[in-house]
Amino acid sequence: MAVMSSNFEQPQFIASTGNRSFSNAPLIENTDTDQIVVPDKTSWKNLFAYMGPGFLVSIAYIDPGNFETDLQSGAQYKYGLLWIILVASCAALIIQSLAANLGVVTGKHLAEHCRAEYPRVTNFILWVLAEISVVACDIPEVIGTAFALNMLFNIPIWIGVLLTGLSTLLLLVLQQYGVRKLEFLIAFLVLTIAGCFFAELGYAKPDGTEVLKGLFVPQLKGSGATGLAISLLGAMVMPHNLFLHSALVLSRKIPRSVRGIKEACRFYMIESGFALMVAFLINVSVISVSGAVCNSADLNAEDQMNCQDLDLNKASFLLRNVLGSWSSKLFAVALLASGQSSTITGTYAGQYIMQGFLDLRLKPWLRNFLTRCLAIVPSLIVAVIGGSAGAGKLIIIASMILSFELPFALIPLLKFTSSETKMGAYANSTAISAITWIIGSLLMAINVYYLISGFIKLLLHSHFKVLAVVFLGILGFSGMGLYLAGIAYLVFRKNKEATHLLALTTPESRQLANEQQGNASMYCLAREDIVSMQLPQRRSTEDFD
């Protein structure tokens, strides 16, 4: 929330305490920090000040887990499932824009809203689920990076798993040079991934007409097409990404006028749209390369076997055999860039989640160390025992966990952004609310179906005795009932906590702003607790005297 100083010069954020109340001290003590300031004037050039968060968010759509699903869909159904990527990308843009709007309008991110809105027990459960989603997202990134190191330098998978922790800590050193440089690094890695796969397209030469048909003509051919389509949709919207985006937008210092907030929401949507378009083109490229290679007429028997159960590791050998060694190296570089950038954004998502739900803040390197240890331990055990095949299956398990987690981040976001209690005049319109709830309901229904069908297949194809299958079935479906009850609670519970909007939305505050235009601009200072997670400030002792 914001209050204004006695001379009404500019609003200040108030620091949160652990008891859901607010102290009387401004959150930002020193305004001479390296902040990203949006000019208080109407200009399309302001867009450049907002560029950055979208690229960090887009990483979740091109992580190693998505790559594996893309490779399988292209190998099995050529270009027939490209339209799923198009639909999922459009839905992702709408949902990510809601997350950005929540942060811009209220000055608090999604995890903080959850802490203020829900009872302590519910809040704790949501925090645990959100932390599990961060770890589950980190597992494919660890394994993907290990695969990439194996492809490039012939490093054993289990050693590569260990090296991923060190490599990410080294990249986090970039924080001390500022949030803007971190965003440039992530954007560079995204463009590196794009360049590698666009080059792969040059090697594979997919048929352009067939690709366009796959994009714009919906079709589901084959018995497994529906299941793979569900996997593609489920892998597109990550629960931790909703927490991340709503927090990243708070790193900007924006004008707190009605025009300024509307401009921020509009430009964040444009910026997210551009970043997600790049991610969309990368996913299309992966499917197109996989479809062209696995449906080539000159595949030998071994490569045909690899295409039937294609994963990240097999894809490297397949590309090398069919398109040449350079193609395999390009794929490895893209996979390495994807894994490393994903781990950085995952670390920040975990930090915002912990800070928002518990008001507990850790240094980024410590947060990364804890999260990475939780991801490395299962990855290392599976890599040592099961090798690359076992590591590939662990990615599928992590995707199922993320599907399980999605409703517990998506439902609060949809409810908060549709509520006038939270968003005031900026709440979603009836039409937008209907569209977003339909999209959200479809995504959640797809994920629930994915979980139930996967559990049933596990029971049917297991080698357990009948009594054990019955016991597991009762236990599993009881847990599913509890899971659906939790979703219903979040859906039907009414919002109770009002948000003290930072926007100048009342006639009185607008008049006040007009009176002050000659003296000072009405600005919302960037959240220091958000900025400092990416931009540690070195302050002398004089700053605190």
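Glycine too: its Cβ is placed from the backbone N, Cα and C atoms.
Model, not experiment: these values are computed from the prediction.
Feature annotations, courtesy of TrEMBL:
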- 47-62: transmembrane segment (TRANSMEM)
- 82-104: transmembrane segment (TRANSMEM)
- 124-149: transmembrane segment (TRANSMEM)
- 155-174: transmembrane segment (TRANSMEM)
- 186-204: transmembrane segment (TRANSMEM)
- 224-244: transmembrane segment (TRANSMEM)
- 265-289: transmembrane segment (TRANSMEM)
- 330-349: transmembrane segment (TRANSMEM)
- 369-388: transmembrane segment (TRANSMEM)
- 394-414: transmembrane segment (TRANSMEM)
- 426-452: transmembrane segment (TRANSMEM)
- 464-492: transmembrane segment (TRANSMEM)
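Looking at which of 124-149, 186-204, 330-349, 426-452 has the most CB pairs under 8 Å to the transmembrane segment (82-104), the answer is the stretch 426-452. Here the transmembrane segment (464-492) sits against the transmembrane segment (394-414); at least 3 CB pairs are under 8 Å, leaving out pairs fewer than 6 apart in sequence. Relative to the transmembrane segment (265-289), the listed stretch 186-204 leads the set 124-149, 186-204, 224-244, 330-349 in CB pairs under 8 A. Taking residue pairs at least 6 apart in sequence, the transmembrane segment (186-204) and the transmembrane segment (426-452) share fewer than three C-beta contacts under 8 angstroms. Below 8 A, the CB atoms of the transmembrane segment (186-204) and the transmembrane segment (394-414) form no more than two pairs separated by six or more positions in the chain, fewer than 3 in all. Most Cβ pairs under 8 Å to the transmembrane segment (124-149), among the stretches 224-244, 330-349, 394-414, belong to 330-349. Within the chain, the transmembrane segment (394-414) has long-range Cβ neighbours (under 8 A, six or more residues past its boundaries) at 64-65, 68-69, 95, 98-99, 102, 110, 113-114, 117, 126, 129-130, 132-133, 136-137, 139-140, 143-144, 231, 234-235, 237-240, 242-243, 246, 311-312, 378-379, 382, 433, 436-437, 440, 443-444, 447-448, 450-451, 454, 483, 486-487, 490-491.
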